[in-house]
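In what follows, a structure is listed as structure tokens, so that the remarks can point back to it.
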């Protein structure tokens, strides 16, 4: 039996009193894997294994003069950096590997397989058509077709033991027209997308209200990257995401902790924050994991979920996030189950899928 067909003995409600303090790291990871995880914030275009990435670099002779370690340092972001802006510039280099549609399909398939192996039962992947097409001027319609085929093939091979939703990303870093085209692309393919997002450099999106209204009016809910970048002078990105764009969820949102007014606004609107702890640490948006605001946000009554963001860039997987939160902020299994139930309830996938998973695992 391969790991792709291995049955995971997911934790039940009456197993949450396991004494984690008696377990070593390897044993804890076995427990983390058994948590029925619902992940809402993971960039598909940056979700790959190191082995796969290096294989692509070598196959297409992208950096012939660099050793494997130097390739990692040039492209990826496994060590703490300076800022979100530095990360974005580094991630642009990764578009070197999006040479053809076969690679894109392999990324999609392997991402699903890897999430399943990590114990994820529901994953919402997000991707930017313009980001993938950027380097080699690929056709975004073919990119999308390839991604959907790759996901569907993987889910089928896994006998539908993992459920996948797809979110379209629009970016404002190039031009307003680029964002508008992404919105139109999302609406045109709304049978495949469960949501729409903004990513890239964090900014106040109030000037783009018309574009986001267009997406929402076509029945597509919004999740917006906001409250991530510690270098911004104010919290306007979060206020605009909630009050102007009417986002249902916020990507990151860790700076909500800076404002009692925002905490109350988030709770009033029942908005979930898609928290990505290791990402926040590596992008220098928190000083250390033990000072990460997720614990204070959780204790304040805000709904939060645990996510990997860009696991290919960070060389991480979802269970690393749980390990860090346990070691540094004393989260326990009951906390983790509650966060995953929130993530399931706030997912954009069809209600019948959510009802089925809730009955099975929660």
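From the backbone N, Cα and C atoms, a Cβ is placed for every residue, glycine too.
According to Swiss-Prot, the protein has these features:
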- 41, 43, 225, 309: Zn(2+) binding site (BINDING)
- 43, 44, 45, 200, 228, 252, 309: purine D-ribonucleoside binding site (BINDING)
- 169-183: region 'Gating helix loop' (REGION)
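Structure with Swiss-Prot features highlighted.
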{"residue": "41", "record": "Zn(2+) binding site", "Cβ neighbours (10 Å)": "28"}
{"residue": "43", "record": "Zn(2+) binding site", "Cβ neighbours (10 Å)": "26"}
{"residue": "44", "record": "purine D-ribonucleoside binding site", "Cβ neighbours (10 Å)": "26"}
{"residue": "45", "record": "purine D-ribonucleoside binding site", "Cβ neighbours (10 Å)": "26"}
{"residue": "200", "record": "purine D-ribonucleoside binding site", "Cβ neighbours (10 Å)": "20"}
{"residue": "225", "record": "Zn(2+) binding site", "Cβ neighbours (10 Å)": "27"}
{"residue": "228", "record": "purine D-ribonucleoside binding site", "Cβ neighbours (10 Å)": "23"}
{"residue": "252", "record": "purine D-ribonucleoside binding site", "Cβ neighbours (10 Å)": "26"}
{"residue": "309", "record": "Zn(2+) binding site", "Cβ neighbours (10 Å)": "28"}
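Mapped onto DSSP helix, strand and coil, the region 'Gating helix loop' (169-183) counts 8 helix, 3 strand, 4 coil. Long-range Cβ contacts of the region 'Gating helix loop' (169-183) within its own chain (Cβ-Cβ under 8 Å, at least 6 residues beyond either end) map to 43, 88, 126-131, 196-201, 203, 205, 207-208, 211-212, 214-215.
When averaged over the region 'Gating helix loop' (169-183), pLDDT in the model lands at 85.
Note: the CA-CA distance between residue 43 (Zn(2+) binding site) and residue 200 (purine D-ribonucleoside binding site) rounds to 12 Å.
Across 43, 44, 45, 200, 228, 252, 309, which the record gives as binding purine D-ribonucleoside, the greatest C-alpha separation is 20 Å. In this structure, the CA atom of residue 252 (purine D-ribonucleoside binding site) is 9 Å away from the CA atom of residue 309 (Zn(2+) binding site).
What surrounds the Zn(2+) site, by Cβ distance within 8 Å of the Cβ centroid and not counting 41, 43, 225, 309, is the set 42, 126, 199, 251, 252, 274, 276, 279, 307, 310 from the same chain.
Put simply, residue 225 (Zn(2+) binding site) is 15 Å from residue 44 (purine D-ribonucleoside binding site) when counted between their Cα atoms. A helical conformation is recorded for residue 45 (purine D-ribonucleoside binding site) in the three-state DSSP classification. Taking the Cα atom of each, residue 45 (purine D-ribonucleoside binding site) and residue 225 (Zn(2+) binding site) are about 16 angstrom apart.
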